């Protein structure tokens, strides 16, 4: 009966650790194996009323808990997928740029010429031209209106993943409104350029985070084009404070 004296205290400890749950029913079995000169005793402890995959105490001393339930694994998997999705948004799916259609890729890169040429011309000549800077801002305003129209047109088709709801259609009008406000600051190019930069950033945020339904290659292309356009506008703003101002149109006295 020595094996019963060994098992009963163990069962009592397990019962105390699992309170207020139902008591643990244990069955102790003894198997004797006889060899030439020794006998070996093996004691088995079976828990009948609790599943194996359950959040229990890892040791009898109660140091910490190990979560092994299926619900915990599922929740952890969802959290990992969410974090991975956020990281994908931060990377802007740059690797998918190689899948972009050639016309979209080439026309998008060619659309950067009006942005880049303005600060490049100022750096080469060593002068700041207000007319060139305003032409750059006006081009940026037209691009903002184009981006808003793209979102609107993407939500119109019946099979589109973006639905024509209030969120999609309302947010698509924000870039156009910022473009209109920028054009009102004709005599103050600095404020106009800041509005265009804000509009480009907001439009990119909508497309990548708030409304991430565009193809991966388009999001990658949008990110690259937006970054280059913003830096070009910032370059023109820096040139306005570095180089002397010179007008391209001769002013009559």
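For all residues, glycine too, the Cβ spot is worked out from N, Cα and C.
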Annotated range (Swiss-Prot: transmembrane segment) out of 83-103, 104-124: 104-124
Long-range Cβ neighbours of the transmembrane segment (104-124) (under 8 Å; 6 or more residues past either end): 97, 132-133, 135-136, 139-140, 143, 217-218, 221, 225, 228-229, 232-233, 235-236, 238-239, 243
Residue numbers, six or more beyond the limits of the transmembrane segment (223-243), whose CB comes under 8 Å of its CB atoms: 92, 94, 97, 108-109, 111-112, 115-116, 118-119, 122-123, 126-128, 132-133, 136-137, 140, 143, 189-190, 193-194, 196-197, 200-201, 203-204, 208
Same-chain residue ranges lying at least 6 outside the transmembrane segment (137-157) that approach it to Cβ under 8 Å: 111, 114-115, 163-165, 168-169, 171-176, 178-180, 182-183, 189, 192-193, 196, 199-200, 203, 206-207, 211, 213-214, 229, 233
